[in-house]
């Protein structure tokens with residue numbers, strides 16, 4: 001390793017907690033742009049997790065694939081915000097698949113790639129990182145937390161899709177004229193194509209020799225098991241997020257575990273007040 005053992009262990013802990021925190025916060029978030037930004041933070045944690053294991057080439061590979069489908073996700077979100085009366089609250093969406101059929105397909109394609117669905121761009125990098133991480137002897141806690149973080153990614157992605165495109169109408173205004181402009185739809189279609197083919201192409205360019213990984217059956221199926229569990233949890237969480245019992249948890253998550261108060265507001269406000 002280029003990093004020392006202590007630095008690698010510290011980076012591993014920080015990256016795992018970053019993925020976990022961003023996934024939990026995104027579950028209780030209703031701002032469309034914040035959800036996508038938190039997913040970006042989660043994937044950055046995945047890249048740092050790969051670096052902490054010494055998989056530098058895989059981290060760069062995931063950076064390239066993530067840049068393509070995340071750019072698609074941000075462009076689709078911008079079209080939805082523009083077409084929904086400049087609102088970012090996903091509770092005011094609902095049923096947008098009828099008004100934005102093309103954007104719905106492209107955005108769901110980006111979400112599936114983010115979740116690591118097989119044969120999409122994100123699968124070729126995320127699955128390789130997960131399987132190689134399973135070969136390291138960091139302990140069951142690290143592996144379990146990694147699988148939980150993967151399931152959180154699926155959970156908030158499916159939640160976003162449900163509230164925006166499948167769920168009941170939220171009362172906001174929407175117009176479908178946005179899909180008639182080539183300046184908006186053209187880049188979305190191009191990035192959708194790259195989200196489909198960039199995974200194997202970049203994999204062949206970065207790794208000319210095939211990677212052969214031997215793992216037990218339960219580790220091979222571990223990611224798929226946690227993805228299935230996250231889907232079931234998402235269905236029950238739709239009602240729980242609106243319950244008053246989850247008010248404190250939602251507030252705690254919405255404030256990103258009070259990190260803005262500790263890092264961005266606590267010390268600067270104290271020093272400026274004393275000045």
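Note that Cβ sites are derived from N, Cα and C of the backbone, with glycine treated the same way.
Some features that TrEMBL has for this protein:
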DOMAIN    5-147  domain 'NADH:quinone oxidoreductase/Mrp antiporter transmembrane'
DOMAIN    156-273  domain 'NADH dehydrogenase subunit 5 C-terminal'
TRANSMEM  6-28  transmembrane segment
TRANSMEM  35-53  transmembrane segment
TRANSMEM  59-81  transmembrane segment
TRANSMEM  102-124  transmembrane segment
TRANSMEM  136-158  transmembrane segment
TRANSMEM  184-205  transmembrane segment
TRANSMEM  211-235  transmembrane segment
Averaging pLDDT over all residues of the domain 'NADH dehydrogenase subunit 5 C-terminal' (156-273) gives 72
Using DSSP three-state counts, the residues of the domain 'NADH:quinone oxidoreductase/Mrp antiporter transmembrane' (5-147) come to 111 helix, 2 strand, 30 coil
